[in-house]
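Per TrEMBL, the features are as follows:
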ACT_SITE  B:Lys179  active site
DOMAIN    B:3-170  domain '6-phosphogluconate dehydrogenase NADP-binding'
DOMAIN    B:173-293  domain '3-hydroxyisobutyrate dehydrogenase-like NAD-binding'
There are 2 protein chains.
Amino acid sequence: MAKIGFIGLGIMGNPMAGHLIKGGHTLFLYSRRGVPDGLLSQGATACSSPSQVARSADLIVTMLPDTKDVEQVLFGENGVAQGLEDAGVGAGLSDRKIVMDMSSISPIETRMFAARIAHFGCDYVDAPVSGGDIGARNATLTIMVGASETVFEKVKPFLELMGKTITLVGANGAGQICKIANQIIVALTIEAVGEGLLFASKAGADPLKVREALLGGFAASRVLEVHGERMIRHAFEPGFRVELHQKDLNLALSNARALGISLPTTAVVQELFNACVAHGGAKSDSSAVVQVLEKLANHQIQHSDQA
Amino acid sequence: MAKIGFIGLGIMGNPMAGHLIKGGHTLFLYSRRGVPDGLLSQGATACSSPSQVARSADLIVTMLPDTKDVEQVLFGENGVAQGLEDAGVGAGLSDRKIVMDMSSISPIETRMFAARIAHFGCDYVDAPVSGGDIGARNATLTIMVGASETVFEKVKPFLELMGKTITLVGANGAGQICKIANQIIVALTIEAVGEGLLFASKAGADPLKVREALLGGFAASRVLEVHGERMIRHAFEPGFRVELHQKDLNLALSNARALGISLPTTAVVQELFNACVAHGGAKSDSSAVVQVLEKLANHQIQHSDQA
(Lines of atoms letter the chains of each structure in order from A and count residues from 1; the text may use other names and numbers.)
(Lines give C-alpha, C1' and ligand atoms only; values in the text may rest on other atoms or scores of the structure.)
Protein backbone atom coordinates (compact mmCIF):
# COMPACT_ATOMS: atom_id res chain seq x y z
CA MET A 1 0.00 0.00 0.00
CA ALA A 2 1.71 3.14 -1.15
CA LYS A 3 0.96 6.76 -0.24
CA ILE A 4 0.17 8.44 -3.53
CA GLY A 5 -0.51 12.10 -4.17
CA PHE A 6 -2.61 13.15 -7.16
CA ILE A 7 -2.79 16.75 -8.34
CA GLY A 8 -5.23 17.68 -11.12
CA LEU A 9 -8.56 15.87 -10.94
CA GLY A 10 -10.27 16.84 -14.18
CA ILE A 11 -11.82 14.62 -16.83
CA MET A 12 -8.62 12.51 -16.94
CA GLY A 13 -7.22 12.78 -13.41
CA ASN A 14 -10.46 11.96 -11.61
CA PRO A 15 -10.92 8.41 -12.98
CA MET A 16 -7.14 7.78 -12.91
CA ALA A 17 -6.98 8.62 -9.19
CA GLY A 18 -10.03 6.40 -8.70
CA HIS A 19 -8.17 3.41 -10.17
CA LEU A 20 -5.29 3.97 -7.74
CA ILE A 21 -7.74 4.01 -4.80
CA LYS A 22 -9.37 0.81 -6.07
CA GLY A 23 -5.85 -0.65 -6.28
CA GLY A 24 -5.72 -0.35 -2.49
CA HIS A 25 -3.49 2.71 -2.19
CA THR A 26 -3.79 5.71 0.14
CA LEU A 27 -4.49 8.82 -1.92
CA PHE A 28 -3.72 12.48 -1.09
CA LEU A 29 -5.54 14.77 -3.48
CA TYR A 30 -5.37 18.36 -4.63
CA SER A 31 -7.20 20.16 -7.39
CA ARG A 32 -7.57 23.91 -7.97
CA ARG A 33 -11.30 23.35 -8.42
CA GLY A 34 -11.63 21.24 -5.27
CA VAL A 35 -11.55 17.47 -4.81
CA PRO A 36 -14.54 15.54 -6.28
CA ASP A 37 -16.79 14.02 -3.57
CA GLY A 38 -16.73 10.67 -5.35
CA LEU A 39 -13.03 10.26 -4.57
CA LEU A 40 -13.35 11.42 -0.95
CA SER A 41 -16.17 8.96 -0.31
CA GLN A 42 -13.78 6.19 -1.41
CA GLY A 43 -11.49 7.18 1.46
CA ALA A 44 -9.02 9.59 -0.16
CA THR A 45 -7.71 12.61 1.76
CA ALA A 46 -8.12 16.16 0.44
CA CYS A 47 -5.08 18.42 0.81
CA SER A 48 -5.01 22.22 0.94
CA SER A 49 -2.01 22.66 -1.40
CA PRO A 50 0.42 20.78 -3.67
CA SER A 51 3.08 21.17 -0.95
CA GLN A 52 0.85 19.33 1.54
CA VAL A 53 0.40 16.55 -1.04
CA ALA A 54 4.19 16.32 -1.43
CA ARG A 55 4.74 16.16 2.32
CA SER A 56 2.14 13.38 2.72
CA ALA A 57 2.85 11.10 -0.25
CA ASP A 58 5.82 9.13 -1.57
CA LEU A 59 4.71 9.24 -5.19
CA ILE A 60 3.26 12.55 -6.39
CA VAL A 61 1.32 12.39 -9.67
CA THR A 62 0.37 15.50 -11.69
CA MET A 63 -2.24 15.52 -14.46
CA LEU A 64 -2.64 19.09 -15.67
CA PRO A 65 -3.57 20.94 -18.88
CA ASP A 66 -0.27 22.52 -19.96
CA THR A 67 3.42 23.18 -19.29
CA LYS A 68 2.83 26.37 -17.30
CA ASP A 69 0.30 24.61 -15.03
CA VAL A 70 2.82 21.90 -14.22
CA GLU A 71 5.51 24.51 -13.54
CA GLN A 72 3.16 26.40 -11.20
CA VAL A 73 2.11 23.27 -9.30
CA LEU A 74 5.68 21.99 -8.98
CA PHE A 75 7.62 25.18 -8.32
CA GLY A 76 5.08 27.89 -7.47
CA GLU A 77 4.10 29.07 -4.01
CA ASN A 78 3.06 26.13 -1.81
CA GLY A 79 4.08 23.90 -4.68
CA VAL A 80 5.36 20.34 -4.73
CA ALA A 81 9.00 21.43 -4.51
CA GLN A 82 8.23 23.36 -1.31
CA GLY A 83 6.69 20.20 0.15
CA LEU A 84 9.69 18.08 -0.85
CA GLU A 85 12.00 20.56 0.83
CA ASP A 86 9.86 20.54 3.99
CA ALA A 87 9.82 16.72 4.03
CA GLY A 88 13.56 16.37 3.55
CA VAL A 89 15.13 13.68 1.37
CA GLY A 90 14.00 10.06 1.31
CA ALA A 91 11.08 8.24 2.98
CA GLY A 92 9.02 5.51 1.36
CA LEU A 93 9.12 3.82 -2.09
CA SER A 94 12.55 2.56 -1.10
CA ASP A 95 14.06 5.83 -0.09
CA ARG A 96 13.38 8.63 -2.62
CA LYS A 97 10.09 10.36 -3.32
CA ILE A 98 9.04 10.34 -6.95
CA VAL A 99 7.32 13.12 -8.90
CA MET A 100 5.46 11.67 -11.89
CA ASP A 101 3.96 14.09 -14.42
CA MET A 102 1.33 12.43 -16.59
CA SER A 103 0.28 15.68 -18.34
CA SER A 104 1.18 16.25 -22.01
CA ILE A 105 3.71 19.08 -21.91
CA SER A 106 6.96 20.31 -23.44
CA PRO A 107 9.84 17.79 -23.37
CA ILE A 108 12.40 20.59 -23.13
CA GLU A 109 10.78 22.04 -19.97
CA THR A 110 10.28 18.49 -18.71
CA ARG A 111 14.02 17.90 -18.63
CA MET A 112 14.49 21.14 -16.71
CA PHE A 113 11.75 20.13 -14.24
CA ALA A 114 13.44 16.75 -13.76
CA ALA A 115 16.77 18.43 -13.04
CA ARG A 116 15.16 20.81 -10.51
CA ILE A 117 13.37 17.92 -8.75
CA ALA A 118 16.68 16.01 -8.58
CA HIS A 119 18.06 18.87 -6.46
CA PHE A 120 15.65 17.83 -3.72
CA GLY A 121 17.01 14.27 -3.76
CA CYS A 122 13.89 13.03 -5.54
CA ASP A 123 13.23 11.25 -8.83
CA TYR A 124 11.16 12.44 -11.78
CA VAL A 125 9.06 10.51 -14.29
CA ASP A 126 7.31 11.89 -17.35
CA ALA A 127 4.46 9.57 -18.29
CA PRO A 128 2.01 11.23 -20.68
CA VAL A 129 -0.90 9.17 -21.89
CA SER A 130 -3.04 8.70 -24.96
CA GLY A 131 -6.50 7.18 -25.11
CA GLY A 132 -8.55 10.14 -23.84
CA ASP A 133 -11.25 10.16 -21.18
CA ILE A 134 -12.55 6.76 -22.29
CA GLY A 135 -9.09 5.25 -21.83
CA ALA A 136 -8.83 6.96 -18.43
CA ARG A 137 -12.21 5.58 -17.29
CA ASN A 138 -11.52 2.05 -18.57
CA ALA A 139 -7.87 2.01 -17.42
CA THR A 140 -6.80 1.26 -20.99
CA LEU A 141 -4.50 4.25 -21.49
CA THR A 142 -1.34 4.00 -23.58
CA ILE A 143 1.43 5.38 -21.36
CA MET A 144 4.77 6.60 -22.73
CA VAL A 145 7.39 6.82 -20.03
CA GLY A 146 10.59 8.85 -19.67
CA ALA A 147 12.59 7.69 -16.63
CA SER A 148 15.57 5.64 -15.54
CA GLU A 149 14.99 1.87 -15.61
CA THR A 150 15.16 1.67 -11.81
CA VAL A 151 12.53 4.33 -11.28
CA PHE A 152 10.39 2.89 -14.09
CA GLU A 153 10.26 -0.45 -12.29
CA LYS A 154 9.11 1.35 -9.12
CA VAL A 155 6.20 3.20 -10.78
CA LYS A 156 5.18 0.45 -13.20
CA PRO A 157 2.75 -1.31 -10.81
CA PHE A 158 0.90 1.99 -10.36
CA LEU A 159 0.82 2.73 -14.10
CA GLU A 160 -0.62 -0.73 -14.70
CA LEU A 161 -3.64 0.27 -12.60
CA MET A 162 -4.35 3.12 -15.06
CA GLY A 163 -3.19 1.89 -18.47
CA LYS A 164 -2.70 -1.06 -20.74
CA THR A 165 0.25 -0.44 -23.09
CA ILE A 166 3.08 0.94 -20.98
CA THR A 167 6.44 1.59 -22.66
CA LEU A 168 9.67 2.92 -21.19
CA VAL A 169 10.81 5.07 -24.11
CA GLY A 170 13.99 6.45 -22.58
CA ALA A 171 15.34 8.92 -20.02
CA ASN A 172 13.45 11.97 -18.71
CA GLY A 173 11.75 13.83 -21.54
CA ALA A 174 11.47 10.75 -23.77
CA GLY A 175 7.87 10.12 -22.68
CA GLN A 176 6.87 13.65 -23.68
CA ILE A 177 8.83 13.41 -26.93
CA CYS A 178 7.03 10.18 -27.78
CA LYS A 179 3.66 11.76 -26.99
CA ILE A 180 4.37 14.65 -29.36
CA ALA A 181 5.51 12.23 -32.09
CA ASN A 182 2.21 10.43 -31.53
CA GLN A 183 0.20 13.64 -31.89
CA ILE A 184 2.11 14.63 -35.05
CA ILE A 185 1.52 11.25 -36.65
CA VAL A 186 -2.17 11.07 -35.67
CA ALA A 187 -2.90 14.63 -36.90
CA LEU A 188 -1.12 14.09 -40.22
CA THR A 189 -2.71 10.69 -40.74
CA ILE A 190 -6.14 12.26 -40.13
CA GLU A 191 -5.31 14.85 -42.80
CA ALA A 192 -4.08 12.05 -45.11
CA VAL A 193 -7.35 10.17 -44.76
CA GLY A 194 -9.33 13.40 -45.15
CA GLU A 195 -7.61 14.34 -48.42
CA GLY A 196 -7.91 10.79 -49.76
CA LEU A 197 -11.60 10.34 -48.93
CA LEU A 198 -12.57 13.84 -50.08
CA PHE A 199 -10.79 13.25 -53.38
CA ALA A 200 -12.61 9.94 -53.81
CA SER A 201 -15.99 11.41 -52.95
CA LYS A 202 -15.66 14.45 -55.20
CA ALA A 203 -14.40 12.26 -58.05
CA GLY A 204 -17.58 10.22 -57.72
CA ALA A 205 -16.62 7.06 -55.82
CA ASP A 206 -18.36 5.89 -52.64
CA PRO A 207 -15.94 6.74 -49.79
CA LEU A 208 -17.37 3.88 -47.75
CA LYS A 209 -16.28 1.42 -50.46
CA VAL A 210 -12.94 3.17 -50.83
CA ARG A 211 -12.28 2.95 -47.07
CA GLU A 212 -13.17 -0.73 -47.17
CA ALA A 213 -10.88 -1.46 -50.14
CA LEU A 214 -7.97 0.48 -48.60
CA LEU A 215 -8.13 -1.15 -45.17
CA GLY A 216 -6.62 -4.26 -46.80
CA GLY A 217 -3.43 -2.53 -48.03
CA PHE A 218 -0.64 -0.09 -47.20
CA ALA A 219 -3.09 2.75 -46.54
CA ALA A 220 -4.47 0.81 -43.57
CA SER A 221 -4.35 2.61 -40.23
CA ARG A 222 -6.34 2.95 -37.02
CA VAL A 223 -7.14 6.48 -38.25
CA LEU A 224 -8.59 5.23 -41.57
CA GLU A 225 -10.66 2.78 -39.57
CA VAL A 226 -11.93 5.11 -36.83
CA HIS A 227 -11.61 8.71 -38.05
CA GLY A 228 -12.31 7.75 -41.66
CA GLU A 229 -15.65 6.37 -40.56
CA ARG A 230 -16.37 9.58 -38.58
CA MET A 231 -15.64 11.67 -41.68
CA ILE A 232 -17.97 9.59 -43.84
CA ARG A 233 -20.77 9.79 -41.24
CA HIS A 234 -20.03 13.48 -40.54
CA ALA A 235 -19.99 12.51 -36.86
CA PHE A 236 -17.55 14.88 -35.18
CA GLU A 237 -18.42 14.58 -31.50
CA PRO A 238 -15.11 13.95 -29.65
CA GLY A 239 -13.05 11.77 -29.44
CA PHE A 240 -10.22 14.17 -29.04
CA ARG A 241 -10.96 17.85 -29.42
CA VAL A 242 -9.45 20.04 -32.15
CA GLU A 243 -8.39 22.63 -29.54
CA LEU A 244 -6.36 19.99 -27.68
CA HIS A 245 -4.76 18.64 -30.84
CA GLN A 246 -3.97 22.24 -31.77
CA LYS A 247 -2.23 22.70 -28.40
CA ASP A 248 -0.20 19.53 -29.04
CA LEU A 249 0.87 20.60 -32.54
CA ASN A 250 1.83 23.93 -31.03
CA LEU A 251 4.13 22.01 -28.68
CA ALA A 252 5.44 20.06 -31.67
CA LEU A 253 6.16 23.16 -33.74
CA SER A 254 7.68 25.21 -30.91
CA ASN A 255 9.90 22.32 -29.82
CA ALA A 256 10.84 21.65 -33.45
CA ARG A 257 11.85 25.29 -33.85
CA ALA A 258 13.91 25.14 -30.66
CA LEU A 259 15.56 21.90 -31.82
CA GLY A 260 16.24 23.27 -35.29
CA ILE A 261 14.07 20.94 -37.31
CA SER A 262 11.47 21.61 -39.97
CA LEU A 263 8.06 19.87 -40.01
CA PRO A 264 6.44 21.07 -43.24
CA THR A 265 3.14 19.18 -43.19
CA THR A 266 2.71 19.47 -39.41
CA ALA A 267 2.75 23.24 -40.00
CA VAL A 268 0.11 22.98 -42.75
CA VAL A 269 -2.15 20.76 -40.63
CA GLN A 270 -1.86 23.20 -37.72
CA GLU A 271 -3.03 25.95 -40.09
CA LEU A 272 -6.00 23.76 -41.05
CA PHE A 273 -6.78 23.18 -37.36
CA ASN A 274 -6.69 26.98 -36.96
CA ALA A 275 -9.21 27.32 -39.78
CA CYS A 276 -11.32 24.60 -38.19
CA VAL A 277 -11.41 26.55 -34.91
CA ALA A 278 -12.20 29.76 -36.81
CA HIS A 279 -15.31 28.01 -38.13
CA GLY A 280 -16.45 27.02 -34.61
CA GLY A 281 -14.89 23.56 -34.58
CA ALA A 282 -12.74 23.91 -31.40
CA LYS A 283 -14.81 21.36 -29.46
CA SER A 284 -15.24 18.95 -32.39
CA ASP A 285 -13.23 15.77 -32.83
CA SER A 286 -9.98 16.50 -34.63
CA SER A 287 -11.21 14.50 -37.64
CA ALA A 288 -13.41 17.59 -38.24
CA VAL A 289 -10.37 19.10 -39.96
CA VAL A 290 -11.83 17.45 -43.08
CA GLN A 291 -14.60 20.06 -42.91
CA VAL A 292 -12.02 22.71 -43.78
CA LEU A 293 -11.09 20.68 -46.89
CA GLU A 294 -14.79 20.36 -47.68
CA LYS A 295 -15.21 24.13 -47.47
CA LEU A 296 -12.18 24.65 -49.73
CA ALA A 297 -13.65 22.23 -52.26
CA ASN A 298 -17.25 23.32 -51.82
CA HIS A 299 -18.10 19.63 -51.61
CA GLN A 300 -19.10 17.37 -48.73
CA ILE A 301 -17.98 13.76 -48.47
CA GLN A 302 -21.00 11.64 -49.22
CA HIS A 303 -21.60 7.94 -49.55
CA SER A 304 -24.17 6.27 -51.77
CA ASP A 305 -26.95 6.15 -49.15
CA GLN A 306 -26.76 9.92 -48.90
CA ALA A 307 -26.30 10.64 -52.61
CA MET B 1 -10.60 -21.95 -70.30
CA ALA B 2 -10.85 -18.39 -71.48
CA LYS B 3 -8.87 -16.66 -74.21
CA ILE B 4 -7.11 -13.79 -72.48
CA GLY B 5 -4.99 -11.06 -74.04
CA PHE B 6 -2.30 -9.35 -72.00
CA ILE B 7 -0.60 -6.15 -73.16
CA GLY B 8 2.32 -4.77 -71.17
CA LEU B 9 4.66 -7.40 -69.76
CA GLY B 10 7.00 -5.44 -67.52
CA ILE B 11 7.88 -6.03 -63.89
CA MET B 12 4.16 -6.24 -63.01
CA GLY B 13 2.53 -7.63 -66.17
CA ASN B 14 4.98 -10.49 -66.65
CA PRO B 15 4.19 -12.38 -63.41
CA MET B 16 0.49 -11.45 -63.62
CA ALA B 17 0.21 -12.99 -67.10
CA GLY B 18 2.09 -16.00 -65.75
CA HIS B 19 -0.58 -16.56 -63.08
CA LEU B 20 -3.30 -16.52 -65.75
CA ILE B 21 -1.41 -19.16 -67.75
CA LYS B 22 -0.99 -21.28 -64.63
CA GLY B 23 -4.74 -20.87 -64.09
CA GLY B 24 -5.20 -22.87 -67.30
CA HIS B 25 -6.10 -20.04 -69.67
CA THR B 26 -4.95 -19.41 -73.23
CA LEU B 27 -2.88 -16.24 -73.33
CA PHE B 28 -2.27 -13.85 -76.28
CA LEU B 29 0.55 -11.48 -75.46
CA TYR B 30 1.93 -8.20 -76.69
CA SER B 31 4.62 -5.95 -75.31
CA ARG B 32 6.49 -3.11 -77.00
CA ARG B 33 9.74 -4.64 -75.77
CA GLY B 34 8.84 -8.14 -76.99
CA VAL B 35 7.26 -11.04 -75.14
CA PRO B 36 9.43 -12.66 -72.43
CA ASP B 37 10.57 -16.19 -73.36
CA GLY B 38 9.45 -17.50 -69.96
CA LEU B 39 5.81 -16.85 -70.88
CA LEU B 40 6.10 -18.30 -74.38
CA SER B 41 7.65 -21.49 -73.03
CA GLN B 42 4.55 -21.91 -70.86
CA GLY B 43 2.48 -22.05 -74.03
CA ALA B 44 1.34 -18.47 -74.54
CA THR B 45 1.06 -16.96 -78.04
CA ALA B 46 2.98 -13.82 -79.03
CA CYS B 47 1.01 -11.29 -81.10
CA SER B 48 2.39 -8.65 -83.44
CA SER B 49 0.11 -5.82 -82.28
CA PRO B 50 -2.56 -4.87 -79.72
CA SER B 51 -5.16 -5.23 -82.48
CA GLN B 52 -4.15 -8.85 -83.04
CA VAL B 53 -4.48 -9.45 -79.29
CA ALA B 54 -7.99 -7.94 -79.38
CA ARG B 55 -9.03 -10.10 -82.35
CA SER B 56 -7.78 -13.28 -80.65
CA ALA B 57 -8.90 -12.84 -77.04
CA ASP B 58 -12.23 -12.34 -75.27
CA LEU B 59 -10.73 -10.52 -72.30
CA ILE B 60 -7.99 -8.00 -73.09
CA VAL B 61 -5.88 -6.89 -70.12
CA THR B 62 -3.57 -3.86 -70.23
CA MET B 63 -0.81 -3.18 -67.68
CA LEU B 64 1.06 -0.07 -68.76
CA PRO B 65 3.02 2.79 -67.18
CA ASP B 66 0.75 5.78 -67.74
CA THR B 67 -2.46 7.27 -69.17
CA LYS B 68 -0.93 8.12 -72.55
CA ASP B 69 0.42 4.57 -72.95
CA VAL B 70 -3.02 3.11 -72.35
CA GLU B 71 -4.57 5.57 -74.82
CA GLN B 72 -1.98 4.64 -77.45
CA VAL B 73 -2.46 0.88 -76.97
CA LEU B 74 -6.26 1.14 -76.97
CA PHE B 75 -6.89 3.75 -79.66
CA GLY B 76 -3.62 4.18 -81.57
CA GLU B 77 -2.70 2.58 -84.88
CA ASN B 78 -3.15 -1.21 -84.74
CA GLY B 79 -4.58 -0.68 -81.29
CA VAL B 80 -7.11 -2.69 -79.33
CA ALA B 81 -10.06 -0.67 -80.66
CA GLN B 82 -9.02 -1.52 -84.23
CA GLY B 83 -9.00 -5.19 -83.30
CA LEU B 84 -12.41 -4.97 -81.67
CA GLU B 85 -13.80 -3.36 -84.80
CA ASP B 86 -12.24 -6.07 -86.99
CA ALA B 87 -13.66 -8.81 -84.78
CA GLY B 88 -17.16 -7.37 -84.70
CA VAL B 89 -19.33 -7.36 -81.60
CA GLY B 90 -19.66 -10.33 -79.25
CA ALA B 91 -17.90 -13.70 -79.07
CA GLY B 92 -16.87 -15.47 -75.85
CA LEU B 93 -17.18 -14.60 -72.14
CA SER B 94 -20.93 -14.75 -72.69
CA ASP B 95 -21.15 -12.46 -75.63
CA ARG B 96 -19.20 -9.24 -75.20
CA LYS B 97 -15.44 -8.82 -75.20
CA ILE B 98 -14.05 -7.05 -72.16
CA VAL B 99 -11.18 -4.58 -72.01
CA MET B 100 -9.66 -4.52 -68.53
CA ASP B 101 -7.05 -1.88 -67.74
CA MET B 102 -5.00 -2.74 -64.66
CA SER B 103 -2.59 0.20 -65.06
CA SER B 104 -2.74 3.11 -62.61
CA ILE B 105 -3.97 6.02 -64.71
CA SER B 106 -6.27 9.05 -64.66
CA PRO B 107 -9.89 8.31 -63.64
CA ILE B 108 -11.19 11.13 -65.85
CA GLU B 109 -9.55 9.65 -68.98
CA THR B 110 -10.60 6.19 -67.83
CA ARG B 111 -14.26 7.15 -68.06
CA MET B 112 -13.69 8.46 -71.58
CA PHE B 113 -11.87 5.26 -72.56
CA ALA B 114 -14.78 3.20 -71.18
CA ALA B 115 -17.28 5.22 -73.23
CA ARG B 116 -15.21 4.79 -76.39
CA ILE B 117 -14.88 1.03 -75.83
CA ALA B 118 -18.67 0.80 -75.31
CA HIS B 119 -19.10 2.08 -78.89
CA PHE B 120 -17.62 -1.20 -80.09
CA GLY B 121 -20.23 -3.18 -78.15
CA CYS B 122 -17.65 -4.15 -75.56
CA ASP B 123 -17.31 -3.71 -71.79
CA TYR B 124 -14.60 -1.88 -69.87
CA VAL B 125 -13.12 -2.56 -66.44
CA ASP B 126 -10.60 -0.43 -64.56
CA ALA B 127 -8.77 -2.59 -62.07
CA PRO B 128 -5.59 -0.92 -60.80
CA VAL B 129 -3.57 -2.76 -58.20
CA SER B 130 -1.42 -2.09 -55.21
CA GLY B 131 1.17 -4.38 -53.68
CA GLY B 132 4.04 -3.82 -56.14
CA ASP B 133 6.18 -6.40 -57.88
CA ILE B 134 6.20 -8.64 -54.80
CA GLY B 135 2.39 -8.67 -54.76
CA ALA B 136 2.41 -9.40 -58.52
CA ARG B 137 4.82 -12.32 -58.12
CA ASN B 138 2.98 -13.80 -55.12
CA ALA B 139 -0.50 -13.15 -56.55
CA THR B 140 -1.34 -11.15 -53.42
CA LEU B 141 -2.22 -7.84 -55.11
CA THR B 142 -4.94 -5.59 -53.75
CA ILE B 143 -7.23 -4.89 -56.72
CA MET B 144 -9.64 -1.94 -56.83
CA VAL B 145 -12.30 -2.38 -59.47
CA GLY B 146 -14.49 0.05 -61.40
CA ALA B 147 -17.13 -1.84 -63.40
CA SER B 148 -20.80 -2.82 -63.49
CA GLU B 149 -21.70 -5.66 -61.13
CA THR B 150 -22.39 -8.00 -64.04
CA VAL B 151 -19.03 -7.42 -65.67
CA PHE B 152 -17.28 -7.58 -62.28
CA GLU B 153 -18.66 -11.07 -61.73
CA LYS B 154 -17.32 -12.11 -65.14
CA VAL B 155 -13.75 -10.91 -64.50
CA LYS B 156 -13.56 -11.82 -60.80
CA PRO B 157 -12.30 -15.40 -61.34
CA PHE B 158 -9.40 -14.03 -63.38
CA LEU B 159 -8.59 -11.32 -60.84
CA GLU B 160 -8.53 -13.95 -58.12
CA LEU B 161 -5.62 -15.62 -59.94
CA MET B 162 -3.59 -12.40 -59.57
CA GLY B 163 -4.71 -10.82 -56.31
CA LYS B 164 -6.01 -11.37 -52.82
CA THR B 165 -8.18 -8.42 -51.75
CA ILE B 166 -10.50 -7.63 -54.63
CA THR B 167 -13.11 -4.90 -54.14
CA LEU B 168 -15.73 -3.61 -56.56
CA VAL B 169 -15.57 0.08 -55.66
CA GLY B 170 -18.15 1.36 -58.14
CA ALA B 171 -18.76 2.09 -61.83
CA ASN B 172 -16.01 2.76 -64.40
CA GLY B 173 -13.40 5.14 -63.02
CA ALA B 174 -14.04 4.16 -59.39
CA GLY B 175 -11.14 1.71 -59.38
CA GLN B 176 -8.72 4.43 -60.53
CA ILE B 177 -10.19 6.94 -58.06
CA CYS B 178 -9.68 4.45 -55.25
CA LYS B 179 -6.09 3.82 -56.33
CA ILE B 180 -5.33 7.55 -56.27
CA ALA B 181 -6.94 7.87 -52.82
CA ASN B 182 -4.68 5.00 -51.76
CA GLN B 183 -1.56 6.72 -53.08
CA ILE B 184 -2.52 10.02 -51.42
CA ILE B 185 -3.07 8.34 -48.07
CA VAL B 186 0.09 6.22 -48.26
CA ALA B 187 2.29 9.19 -49.28
CA LEU B 188 0.90 11.45 -46.56
CA THR B 189 1.12 8.73 -43.92
CA ILE B 190 4.77 8.16 -44.88
CA GLU B 191 5.37 11.88 -44.39
CA ALA B 192 3.47 11.75 -41.07
CA VAL B 193 5.69 8.94 -39.80
CA GLY B 194 8.79 10.71 -41.15
CA GLU B 195 8.01 13.97 -39.32
CA GLY B 196 7.10 12.12 -36.12
CA LEU B 197 10.20 9.90 -36.03
CA LEU B 198 12.58 12.67 -37.05
CA PHE B 199 11.17 14.89 -34.31
CA ALA B 200 11.61 12.10 -31.78
CA SER B 201 15.16 11.33 -32.89
CA LYS B 202 16.32 14.94 -32.94
CA ALA B 203 14.71 15.56 -29.55
CA GLY B 204 16.78 12.70 -28.19
CA ALA B 205 14.43 9.71 -27.96
CA ASP B 206 15.14 6.33 -29.57
CA PRO B 207 12.89 6.19 -32.66
CA LEU B 208 12.81 2.39 -32.40
CA LYS B 209 11.24 2.67 -28.92
CA VAL B 210 8.90 5.42 -30.10
CA ARG B 211 7.71 3.30 -33.03
CA GLU B 212 7.12 0.39 -30.67
CA ALA B 213 5.15 2.52 -28.19
CA LEU B 214 3.03 4.10 -30.93
CA LEU B 215 2.09 0.86 -32.69
CA GLY B 216 -0.27 0.21 -29.75
CA GLY B 217 -2.35 3.37 -30.21
CA PHE B 218 -4.07 5.70 -32.67
CA ALA B 219 -0.82 6.37 -34.56
CA ALA B 220 -0.72 2.72 -35.60
CA SER B 221 -0.58 2.06 -39.33
CA ARG B 222 0.95 -0.34 -41.83
CA VAL B 223 3.21 2.56 -42.82
CA LEU B 224 4.49 3.09 -39.25
CA GLU B 225 5.17 -0.63 -39.13
CA VAL B 226 6.86 -1.09 -42.51
CA HIS B 227 8.11 2.31 -43.72
CA GLY B 228 8.84 3.48 -40.17
CA GLU B 229 11.22 0.57 -39.80
CA ARG B 230 12.85 1.40 -43.17
CA MET B 231 13.42 4.99 -42.04
CA ILE B 232 15.03 3.90 -38.78
CA ARG B 233 17.33 1.42 -40.59
CA HIS B 234 17.98 3.91 -43.44
CA ALA B 235 17.08 1.06 -45.79
CA PHE B 236 15.53 2.69 -48.84
CA GLU B 237 15.72 -0.03 -51.47
CA PRO B 238 12.22 -0.27 -53.02
CA GLY B 239 9.50 -1.20 -52.20
CA PHE B 240 7.77 1.42 -54.27
CA ARG B 241 9.92 3.96 -56.06
CA VAL B 242 9.74 7.70 -55.37
CA GLU B 243 9.42 8.41 -59.12
CA LEU B 244 6.30 6.24 -59.32
CA HIS B 245 4.76 7.74 -56.21
CA GLN B 246 5.54 11.15 -57.70
CA LYS B 247 3.68 10.16 -60.88
CA ASP B 248 0.69 9.08 -58.78
CA LEU B 249 0.60 12.31 -56.78
CA ASN B 250 0.80 14.15 -60.07
CA LEU B 251 -2.36 12.27 -61.12
CA ALA B 252 -3.92 13.16 -57.76
CA LEU B 253 -3.11 16.85 -58.04
CA SER B 254 -4.08 17.22 -61.72
CA ASN B 255 -7.36 15.37 -61.18
CA ALA B 256 -8.00 17.42 -58.01
CA ARG B 257 -7.46 20.61 -59.97
CA ALA B 258 -9.81 19.42 -62.71
CA LEU B 259 -12.42 18.43 -60.10
CA GLY B 260 -12.07 21.73 -58.21
CA ILE B 261 -10.71 20.42 -54.96
CA SER B 262 -7.73 21.47 -52.88
CA LEU B 263 -5.29 18.96 -51.36
CA PRO B 264 -2.91 21.09 -49.27
CA THR B 265 -0.65 18.45 -47.75
CA THR B 266 -0.62 16.27 -50.89
CA ALA B 267 0.86 19.30 -52.64
CA VAL B 268 3.53 19.72 -49.95
CA VAL B 269 4.46 16.03 -50.02
CA GLN B 270 4.76 16.16 -53.82
CA GLU B 271 7.21 19.04 -53.41
CA LEU B 272 9.20 16.93 -50.95
CA PHE B 273 9.20 14.03 -53.45
CA ASN B 274 10.52 16.53 -56.02
CA ALA B 275 13.33 17.45 -53.63
CA CYS B 276 14.01 13.77 -53.01
CA VAL B 277 14.40 13.19 -56.76
CA ALA B 278 16.61 16.29 -57.03
CA HIS B 279 18.97 14.63 -54.55
CA GLY B 280 19.14 11.43 -56.59
CA GLY B 281 16.37 9.53 -54.80
CA ALA B 282 14.13 8.74 -57.82
CA LYS B 283 14.77 4.99 -57.58
CA SER B 284 14.63 4.83 -53.77
CA ASP B 285 11.63 3.61 -51.81
CA SER B 286 9.19 6.45 -51.23
CA SER B 287 9.93 6.33 -47.50
CA ALA B 288 13.21 8.02 -48.56
CA VAL B 289 11.25 11.29 -48.49
CA VAL B 290 12.35 11.39 -44.85
CA GLN B 291 15.88 12.07 -46.14
CA VAL B 292 14.64 15.45 -47.35
CA LEU B 293 13.44 16.21 -43.82
CA GLU B 294 16.79 15.01 -42.51
CA LYS B 295 18.60 17.42 -44.84
CA LEU B 296 16.34 20.29 -43.75
CA ALA B 297 17.08 19.48 -40.11
CA ASN B 298 20.74 18.63 -40.64
CA HIS B 299 20.07 15.54 -38.51
CA GLN B 300 19.72 11.86 -39.33
CA ILE B 301 17.26 9.59 -37.57
CA GLN B 302 19.29 7.35 -35.30
CA HIS B 303 18.46 4.70 -32.79
CA SER B 304 20.49 3.83 -29.69
CA ASP B 305 22.62 1.14 -31.37
CA GLN B 306 23.86 3.76 -33.84
CA ALA B 307 24.19 6.61 -31.35
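For all residues, glycine too, the Cβ spot is worked out from N, Cα and C.
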Distant-in-sequence Cβ neighbours of B:Lys179 (active site), under 8 Å, six or more positions away: B:Ser104, B:Pro128, B:Val129, B:Ser130, B:Met144, B:Asp248
Secondary structure of B:Lys179 (active site) (DSSP, helix/strand/coil): helix
DSSP residue counts for the domain '3-hydroxyisobutyrate dehydrogenase-like NAD-binding' (B:173-293), split into helix, strand and coil: 91 helix, 3 strand, 27 coil
